[in-house]
Every structure is written in structure tokens, then in C-alpha cells.
Amino acid sequence: MFSKFYSRSAKVFIAAVLIWTSLVSVVGAEEKGSAKNVILLIPDGMGISYLTATRIYKGEELSFERYVKGLMKTASADTNVTDSAAAGTAMATGYKTNNGVISVTPDGVKPDSILDAARESGKSTGLVATSRITHATPAVFTAHDPSRGNEVALATEYINNVDVILGGGRDMFLPESEGGKQPERNLVEEAKAAGYEYITNRSEIGQVDGDQILGLFAMSDLKYEIDRDKQNVPSLAEMTKLAVDTLSKNDKGFFLMVEGSQIDWAGHANDPIALITDMLAFEEAVDVALEFARENSDTLVVVVGDHETGGMNIGNTPGGYQENIAVLKNATGSVNTVGAELLSKAITTDVGSSVRVVNHDIYMPLREVVDQLDGKLDYNGTDLTVDVEIANSAFTVNLPEKSVKVASQEQESDFFVENGTAYFNLKSIAELIGLQVAYGQDEDGNVTTAYWVDVKQVVEPIVGFKLTEEDVAQLTSVNWNNATTLINEVGTVVSGHALISWGSRHHTGEELPLYAYGKGANEFVGLIDNTNLPRILSYLMGVELFENEEAFMQELEKRRNQ
């Protein structure tokens, strides 16, 4: 009995050792400089649950998931919860810095990036993003500044330092005289004078054939994939294809960074619709890179986020052990679109000094409300009734009886009479005319504006599912003067229907999955720090960004094999 158990256990152990030995034998096997081309794709904010949600939505694995190699730590110099500037700095330069800083170390050093090293070695370079191209993640690869907010200054460090520049943020390259942010300089004209081909529309992609391209497809950021103007604005995959086709003309190779920027922004908004659809758009960009790598064996593709955003979870307390991600499949827009549509379709009226507040409800004189809503009011002095017409709705108010009738049917309503003036609860008026009312507040919390809108009529066609009365009450309970607050609440409602929960509207400090395919992919096996990423890339590209790279790689291999 014992001998059989021992024999079987020994066989299992020996098999495991042989498998591990075969794995170790390929780790660290790549020669320095063996990766002629590197494509680094960063899904900004992507954590494990982002992948899970997208996989459930899609019904199968994402194309790059099979190439998982390990995990990457994300802490910055001053906190374990990094921002994109500090995370990107580590990933681009190999040095940690404080949150908010673009490639400047805490002691003031401005280190070169892996892109800089590639350029200096004669390789072509490119940056692609769906944000402003001067946003934190792309900026760290070519610029230096104590503050990520200094995008006007950051933009001046792109031309002649990066060969292919594709994304949003045209305003950062244009002078103020042309609606841009540059005080005097016209960086677009400077780029064209330097030999860049300049494009601003998807239709122009097929018309460029040079070695340097400046493509700025929006004045500010591009939109979420689900909201993208697909006729005029290229997808992330299309921009990636243009970049790869252009950069690969260089016989010495290239370095390209591609960022799925707005995956992160969907996380901040707790918007699972935008998150998943942007993840799928990012996957298509990865597919472009993988296709090139399969045809060019000296190419390395790396996929890794810079941090996780939102603390997303599949499942929530009300849903128990269930998820309902399929409910998102009929959506036609992001929560940004929902918020914008609610605000644009709403009738706005002022809440003046005559307002009365009772138990947090807003009461206003009926005549004042009717006037602001462009309605009609007829007062009958004989029986003390008031006939009201607002927005194709009509009702009659009987002041002595304190009642309201709609089509001769008495209807419950909330109002009181004070000194001969009828003060109506605005929620009651909204109900009488088939709308809902939400309020906007100033910085001191005072109600200044009423927003009148049919919430279900606006929201349901965009999100693709029916709202409950509780959903409507939730959406109308927040401050509509703050668009971000409204958009965030829409995200909460949508997430609730999908049975998705969130821990934050900011970043989190968790490790991230790293995927790699092609030349040198196995050098990323195990747990690495974000500062290790450019060190490994530099070694594989042979661009010598760091000293003692061979010793670093040997130590990395030794640690993995212990």
C-alpha cells in the first residue's frame, strides 16, 4: 500500500519537476537585442474583473488571454495606489516617481524613456491613444514635467521625438488664435514643416504614406468606442494598424506604445457599458499587433495595464451569486451619452426666491411654474378654480377643495395655499404633466434649477433595458447642475442591473496581469515590478537604456528559478 502510494507520488513529483525544468529552460534564453520590434499595449485601468466581465459579455476568451505570463506590481514612489503619471513613468523609464509627475524622479532627475532609447538607436517610434495624446500615459514616454496637468508644455516635446503620433488633443497643438491652448506656437505647422503628414479624419488614413504622421482626430479626447463617430474618427485598431504599417518601414525596427485610454475613464464613471465595449475595441488593437508579430518573428507584443480603476467586482449583494452582464448587450451608448441626453432633453426652469422648502420638497407658486414652462393658466374667480395647460397636458385646480382633476378624474396632488397663492410641490406638477423633476444646486447646496424630463423615455433606448421607479427616483435625486455627478449615478444604476459592484471611483493598488507574445515573451514570467518592464524591454531590444542589463536579467532569472 505504502509502496504504491510512494511510487505514484514520486511519479507525480518527477513529472512536475520535468515540467518546471522545461519552463525554466526557456526563461532567460533570449539573447540581448533579439526583439527588433516592440509593441506595448496598455489598457489603462484594466484589472482582472475587467477581463472577466468582457469575457462573459463576449462569450469566449479575449484573444490575448492565452498569452498570460505573470503579474506586475503598480505602486508609485509616494503611495501604493498609483496614478497614471507615476505608473507610466515607471513603465517608460524604469524609475518610480510621485503621483501626478511626468517622468521626473522625486529628486529632480529626468530619465530617458524606452521610447527615447529606441529612437537614439535608430528605431522608429510611435504613440497611439484614445485620450488627448498629451495625457499622462502617452506623455511619460516622450516628455518631462513636474505636473501631468501642464499639457500645453508637454505637447512641445512630441514633434521630432516621436515619428507617429495618433489620438485626440488637437487643441494642445494649436495656438489660442485658432481655438487651441498654445499661447503663441502652432505645433501643427511646426510638425508639417518638419516633414510630418497631418491628418484629422478617418478618411485621410489611406492617403498618408510617409514615415512621420501627426494624426489628431478631435480637439480634445476621443469618445468611448460605443459613442465614437465611426465615419470620421478611427478606431484604436485602425490607428494601431496605421502606426504599425508606418513604423515597420524602418529596417532597424520600431517601438510603439498603444493605450486604450478610456477603459480607465469608464472605471472612474463605474460604467460597465463603456468599459466592456472599450475593452473589446482594445482587443481588436491587440489583434493587429499579434497579427504583425506572427508574420514577423522578431517582434514582441506586451499587454499590461498601469493600474486598476474602480475596484470592479462581478456580482453584488442584492444579486447574491448571480451576474447579469448580458443585460448590457442592447446598449447603444455610454453613461456619458445618457447624462448628456438627459441634460439636453430636459426643460430647465429657475427656482427663485419665492420657493418654499417643506421636508426637503420644493414648492413654488403655480403661476410662476406655468409661466416658466411656457404653459397657460386661466383663473375662474367665480368657483375659485384654475385651468392649467403645460406640455400638452391639462388639469384643473380647485383651490377651496385643495384638489386637482385630470380629465374630470380627481388626482392626488401636493399643494398648499398661502395668502391666496397656490404653492405646488414641483414633483406633483411633474407627475401631472407626465414628466419627472430633478434639481440642480449651487456650491452652497441651494437649489437653483429644476430639470423637467421623461427619464425613462430618454434613458431606456440608450441603456437597452427597462428602468424601475426606484431607478428613476435614484437618478432624479442627485445634483443635475453637476454633469459628472449625474453621469456617475447613471453608472450606478446601470451597474446595478448588471449585478456589478464597485469599491471606488478612483484607482486601486492591486497587481495586474501581464501578457506577452513573440520574441522574449517568457522573460516576463512571474511577478515583476512596473520598473522592471522597461528594463526587460531595453535588454530584448538591445537599446541599452540601463547599465548592467545582463546582470539585471540574470538576477531576474535567478529569482524566478528559486
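Backbone N, Cα and C define each Cβ position, glycine as well.
Annotated features, as they stand in TrEMBL:
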| type | residues | note |
| --- | --- | --- |
| BINDING | Asp44, Asp264, His268, Asp306, His307, His507 | Zn(2+) binding site |
| BINDING | Asp44, His135, Thr137, Glu259 | Mg(2+) binding site |
| ACT_SITE | Ser84 | active site, phosphoserine intermediate |
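Closest in space to His307 (Zn(2+) binding site), of the recorded positions given as Ser84, Thr137, Glu259, is Ser84, taking the CA atom of each residue.
Rounded to a whole number, the C-alpha distance linking His135 (Mg(2+) binding site) with His507 (Zn(2+) binding site) is 17 angstrom.
A Cβ within 8 Å of the Cβ centre of Asp44, His135, Thr137, Glu259, the residues given for Mg(2+), is found for these other residues of the same chain: Ile42, Ser84, Gly88, Ala129, Ser131, Ala136, Pro138, Gly260, Ser261, Asp264, Asp306. Looking only at the binding-site residues Glu259, His268, Asp306, His507, the one with its C-alpha closest to Ser84 (active site, phosphoserine intermediate) is Asp306. A gap of 7 Å separates the Cα atoms of Asp44 (Zn(2+) binding site) and Glu259 (Mg(2+) binding site). Listed in sequence order, Ile42, Asp44, Gly45, Thr74, Thr82, Ser84, Ala87, Gly88, Met91, Thr137, Leu512, Asn530 are the same-chain residues at least 6 apart in sequence whose CB falls under 8 Å from the CB of Asp306 (Zn(2+) binding site).
The candidate set comprises the recorded positions Ser84, Thr137. Of these, Ser84 has the most other Cβ atoms within 10 Å.
Cα separation, Glu259 (Mg(2+) binding site) to His268 (Zn(2+) binding site), rounded: 17 Å. Long-range C-beta contacts of His268 (Zn(2+) binding site), restricted to its own chain and to partners at least six residues apart, with a cutoff below 8 Å, comprise Gly45, Thr309, Gly310, Arg505, His506.
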